[in-house]
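These features come from TrEMBL:
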DOMAIN    3-338  domain 'RecF/RecN/SMC N-terminal'
BINDING   Gly30, Ala31, Asn32, Gly33, Ala34, Gly35, Lys36, Thr37  ATP binding site
Amino acid sequence: MRLERLQLQGLRCIADASADLDAGFNIFVGANGAGKTSVLEAAFLLSHGRSFRSGARDVLLQRGAPGLSIFSTVRHDNGDLARLGLGRAGASRWDARLNGEDVPIGQLIRECAVVCFEPGSHALIAGAAEERRRYLDWGVFHVEQEFLPTWRRYQRALKQRNSLLRTDASLDDGLYGPWEQELGRSGSLIDAWRRRYLEALVPNLRNEAARLIPELGQVDLRYRSGWPEGEDLSATLASQRGRDQGRGHTTAGVHRGDWSLSFEHAPQREHLSRGQEKLVALACLLAQARVDAAHRGEWPIICLDDLASELDLAHQTAVLDSLLEAPAQVLVTGTEIPRALQGSSVKVFHVEQGQLSPLL
Ligand SMILES: Nc1ncnc2c1ncn2[C@@H]1O[C@H](COP(=O)(O)OP(=O)(O)OP(=O)(O)O)[C@@H](O)[C@H]1O
């Protein structure tokens, strides 16, 4: 799939800008603070409903602007065209539109898949478990239609149980039981989907890691459900009520799940250099893109933010060569055209003070 046209209003320093994108490589070049990352952020927002940068949602809205909007046309490989829109007026909730109709945001983000490697991506390896769960669940969301409603049921039951833990000292079965049953049912489904997704991911991850970081040797992935292996989740929750009450929150369930990688020559995460963490994160993201491509029959859009300052030339070349072969639409940013792409057929946009101009 590819983004054909991207129109942005009121996003960070971008008051009003648009770009007609190429089906292959698109490079956004400009000085620091020009608005390059904001262009990738817009594509990511359409496909995730959130930014990849930390901070409150409010900082996305240009200071003083009445609202923020992102429109794009997405061309699928079978020729179908979808018109996507995402906007917010002031501090209100997101409004999502698909082909001119108001839709729930989940429907919008299912339509468009964007995988983004950016300076914060190493958090996938070195950061909190929440980052790894988000990565995993984004992949599962795109392959399992029932993931989103199931995840919402789980979150609702979790909120209810946490609220009981803080307000009800009785530990009464009648109060806790229904929520724990729901957590057990929806949590077990999510856990099974996550495991199935990882089975598809691991061979792709091994290929990407062998291409990008062969010196680390074979990679193994270990997944932990978030409760003791082989136990029934609702029974675990029932037996842990007292302990959870002391802690004020639910300590077992898919919201505590995590995964980790271990390489033949770097068994622990602490054995990786900062640059290797980034390469491992990139291998995970490219593997996710390959799983998505195999499932949909078309490649997701790949965004590479500040590529030249994140990777050395040999690794930039390895990544870009594999994406050229893919073939995927790729959006890259940099203060100049990355050396690995000089001389290639690419569309270049100059970004300056939130304005985008194609360079001929
Ligand atoms: N809410 C906001 N309103 C107005 N301007 C903002 C807002 N949030 C961020 N900015 C500005 O928007 C720009 C964001 O730039 P962005 O991160 O997209 O730049 P970049 O070209 O990728 O920069 P770099 O090369 O330094 O990474 C910065 O100049 C920043 O000061």
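Using N, Cα and C of the backbone, Cβ positions are placed for all residues, glycine too.
Residue with the densest Cβ environment among the binding-site residues Asn32, Thr37: Thr37, by other Cβ atoms within 10 Å. Each residue in Thr333, Thr335, Val351, Glu352 lies on the same chain as Gly30, Ala31, Asn32, Gly33, Ala34, Gly35, Lys36, Thr37 and has a C-beta within 8 Å of the C-beta centroid of that ATP site, without being one of the site residues. Candidate binding-site residues: Ala31, Asn32, Ala34, Gly35, Thr37. Those with a Cβ under 6 Å from ligand 1, in sequence order, are Asn32, Ala34, Gly35, Thr37. With the fewest other C-beta atoms within 10 Å around its C-beta, Gly33 stands out among the binding-site residues Gly30, Gly33, Gly35. Here the binding-site residues are Ala31, Ala34; the one with the fewest Cβ atoms within 10 Å of its Cβ is Ala31. Proximity of Lys36 (ATP binding site) to non-local residues of its own chain (separation of 6 or more, Cβ distance below 8 Å) is seen for Phe28, Val29, Gly30, Asp305, Thr333, Gly334, Val351, given in sequence order. The average pLDDT computed over the domain 'RecF/RecN/SMC N-terminal' (3-338) stands at 95.
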